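Q: This is the feature table in TrEMBL:
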- B:31-50: transmembrane segment (TRANSMEM)
- B:62-82: transmembrane segment (TRANSMEM)
- B:89-105: transmembrane segment (TRANSMEM)
- B:111-134: transmembrane segment (TRANSMEM)
- B:141-159: transmembrane segment (TRANSMEM)
- B:179-199: transmembrane segment (TRANSMEM)
- B:220-238: transmembrane segment (TRANSMEM)
- B:253-272: transmembrane segment (TRANSMEM)
- B:303-324: transmembrane segment (TRANSMEM)
- B:336-354: transmembrane segment (TRANSMEM)
- B:361-380: transmembrane segment (TRANSMEM)
- B:386-403: transmembrane segment (TRANSMEM)
Amino acid sequence: MTPVLELRGIDKSFGPVQVLHDVALTVRAGEVTALVGDNGAGKSTLVKCVGGIHPIDSGEYLFEGKPVHVHSPREAAALGIEIVYQDLALCDNLDIVQNMFLGRENKRGLVLDEDTMEEMAARTLASLSVKTVKSIRQHVSSLSGGQRQTVAIAKAVLWNSKVVILDEPTAALGVAQTAQVLELVRRLADQGLAVVLISHNMNDVFAVSDRIAALYLGRMAAQVKTSDVTHSQVVELITSGRSGDLGLTNGVPA
Amino acid sequence: MTATIEQKPEAPSITSNVRGYAERVRGGDMGALPAVLGLIVLCTVFAIMRPSFFTAGNFANLFTQGAAVTVIAMGLVFVLLLGEIDLSAGFASGVCAAVLAILLAEQGQPWYVAALAAIAVGTVIGVVLGTLVAKLGIPSFVVTLAAFLGFQGLVLVLVEGGTNISVRDETILAISNNNLSPVLSWGMLAIGVGGYAAIQLLRARKRSRRNLASDPISLIAVRVGALAALGGLAVYVLNLERSRNAALVSLKGVPVVVPIIIVLLVVWTFVLRRTAFGRHLYAVGGNAEAARRAGINVDRMKISAFVICSSMAAVGGIIAASRASSVDPNTGGSNVLLYAVGAAVIGGTSLFGGKGRVLDAVLGGAVVAVIENGMGLMGYGSDVKFIVTGSVLLLAASVDALSRKRAAATGLR
């Protein structure tokens with residue numbers, strides 16, 4: 001099966017600083033791909049390149065097997081790529097439905113079609129088995145951290161997206177809420193979406209991911225099946241770029 | 001997880017609605033409550049101290065006294081929603097009123113040309129202010145403070161030093177000085193209440209047909225009943241003979257400014273609540289970065305908010321010119337701006353952005369008008385009026401800031 005998203009030989013520099021060197025990444029539908037790496041390894045830059053916020057300098061960007069050029073977040077969204085950023089980008093003073101449709105409201109003529117939006121939002125939340133919100137008309141300000149994350153994720157999947165990229169979705173959450181969000185992440189993949197999960201937390205990574213892609217100083221150290229590696233191997237890949245036969249030799253992929 | 005787990009939202013009833021409202025108030029979202037309570041307290045106090053406060057004549061006065069400030073406050077709500085401020089709205093209304101007066105008195109233009117020109121000047125002012133704030137990134141406080149001074153000078157230029165230009169056009173004068181006939185007044189009320197009931201019922205029926213939570217009929221009945229009762233009482237009182245010498249000249253009916261304010265209220269409420277533009281305004285005020293990422297053009301939203309504000313200031317200026325039958329260097333000056341900002345904030349619009357309704361401006365405008373009017377009846381001069389109005393504005397801003405704090409504490413923000 002062709003991967004939904006495939007990157008080959010991606011280079012990216014900001015002025016004199018080369019942030020990504022020859023990075024390859026494969027993201028498959030129905031799988032959670034964990035993207036790990038230390039601070040400054042290039043995770044965020046890579047994700048922003050995928051999302052069209054930064055243009056790539058060179059390399060191939062294949063979507064469903066076809067080469068594409070993504071120059072703006074809108075083009076990424078049109079392909080079906082949605083990114084849920086760490087700071088969620090929700091408006092506290094709007095309710096759940098209003099947030100989910102922000103900027104892409106359904107309209108009939110001039111007037112907002114609230115009823116259709118409410119139905120679609122309710123259906124999406126139900127399909128994600130979200131039952132913890134009292135009313136989808138409550139303001140986001142009254143939601144807990146986990147519920148906000150859920151709304152942000154639901155907003156991303158509302159648009160029949162194919163790839164959902166989650167930037168540290170559990171970083172600010174407590175134990176119970178983390179479990180809830182991870183469950184949701186797993187469910188997204190089981191529904192056939194390709195999920196990319198950026199995380200620093202090894203427990204989270206091993207709990208939900210099918211594959212792990214480890215970045216080290218702007219290079220892809222290894223992309224492996226989660227079941228083939230141990231906790232400590234992944235930590236070695238993150239901290240030194242290599243672990244046994246895996247990883248980089250003299251800074252170049254083996 | 002602390003939230004309750006429910007498959008279906010509970011069917012809303014009057015009790016659940018009341019409970020929800022009480023919860024919101026306790027959580028710091030007071031809405032219009034302070035303004036309504038303030039109105040009741042103020043009216044009671046003034047009615048006891050000065051029985052003449054509760055006469056039909058004075059009641060009608062309240063509307064014409066508060067109209068200009070209310071209309072300017074309606075425009076300010078849009079700017080405040082974005083967390084910005086427009087300190088120049090008062091003198092912008094003065095400039096527009098001066099343009100109106102000059103076109104009427106010196107150029108002999110018909111009233112509609114003069115009025116449209118005045119509103120167009122307001123629109124241009126809004127474009128300039130909004131562009132400076134959005135594109136150059138100058139804080140709106142500074143831009144509009146500069147404009148406040150500049151427009152003050154511009155009014156002086158337009159009215160040529162200290163003179164005043166009198167407005168004699170009958171249509172313009174009618175806005176603040178004439179009344180609808182009693183029959184027309186009742187008709188207006190009937191259309192208003194009927195329209196409100198029809199909209200509420202249609203929406204509830206449409207939503208319940210699609211299995212969405214809808215307001216119960218009983219609640220709609222209460223709302224429509226309250227509107228009919230209050231409106232009916234107001235129209236009844238305004239239809240009483242107010243003239244001291246009815247044989248000479250009859251004075252009764254709803255002042256013409258009332259339907260003007262109601263139409264503006266309905267139109268702008270529709271824009272804010274039912275259109276994507278209004279939704280995006282709230283989004284920018286709540287979280288500009290989130291709005292930007294959602295593909296909303298934040299700069300354009302800012303400019304349009306200033307355009308609406310200054311255009312509404314122009315309408316307010318026309319109403320003020322009509323009431324005074326003239327335009328002088330003080331039109332839109334002295335306390336007009338403070339009253340307008342005060343009206344919006346007293347009504348429940350937040351100075352921090354993201355929260356506010358056009359109705360707030362009307363409720364707050366009523367509070368300001370009652371203070372001004374009641375203090376006048378008590379024989380206090382400008383000194384006391386300024387101090388009291390300033391204190392009320394400070395009080396309203398404190399309520400705003402405190403409720404925000406409270407909301408943060410209860411996790412509502």
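Note: Cβ is positioned from N, Cα and C throughout, glycine not excepted.
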Q: Could you pull out which residues elsewhere in the chain have a CB under 8 Å from any CB of the transmembrane segment (B:111-134), counting only those six or more residues past its ends?
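A: Residues 84, 86, 88, 92-93, 95-97, 99-101, 103-104, 140, 143-144, 147, 151, 169, 171-172, 298-300, 302-315, 317-318.
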Q: So what's near the transmembrane segment (B:179-199) in sequence-distant terms, Cβ-Cβ under 8 Å and 6+ beyond its ends?
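A: Here the qualifying positions are 60, 220, 223-224, 227-228, 231-232, 235, 238-239, 251-256, 258-259, 262.
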Q: Can you tell me which parts of the same chain pack against the transmembrane segment (B:62-82), counting only residues 6+ beyond its ends and a CB-CB cutoff under 8 A?
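A: Hits for the transmembrane segment (B:62-82): 89-90, 93, 140, 176-177, 255, 257-258, 260-261, 264-265, 268, 272, 281-282, 284-285, 301-302, 305-306, 308-313, 315-317, 319-320, 323, 336-337, 339-341, 343-345, 347, 349-351, 353-358, 360-362, 364-366, 368-370, 372-373.
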Q: Within the same chain, where does the transmembrane segment (B:361-380) have neighbours whose Cβ lies under 8 angstroms from its own Cβ atoms, ignoring anything closer than 6 residues to its ends? I mean 6 or more beyond.
A: 32, 35-36, 38-39, 42-43, 45-46, 49-50, 52-53, 58, 61-63, 65-67, 69-70, 73-74, 76-77, 261, 265, 339, 342-349, 388-389, 392, 396
Q: Taking B:89-105, B:303-324, B:386-403 as candidates, which has the most Cβ pairs under 8 Å with the transmembrane segment (B:31-50)?
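A: Result: B:386-403.
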Q: When you check the transmembrane segment (B:303-324) against the transmembrane segment (B:89-105), do you get at least 3 Cβ pairs under 8 Å, counting only pairs 6 or more apart in sequence?
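A: Yes, the stretches contact each other.
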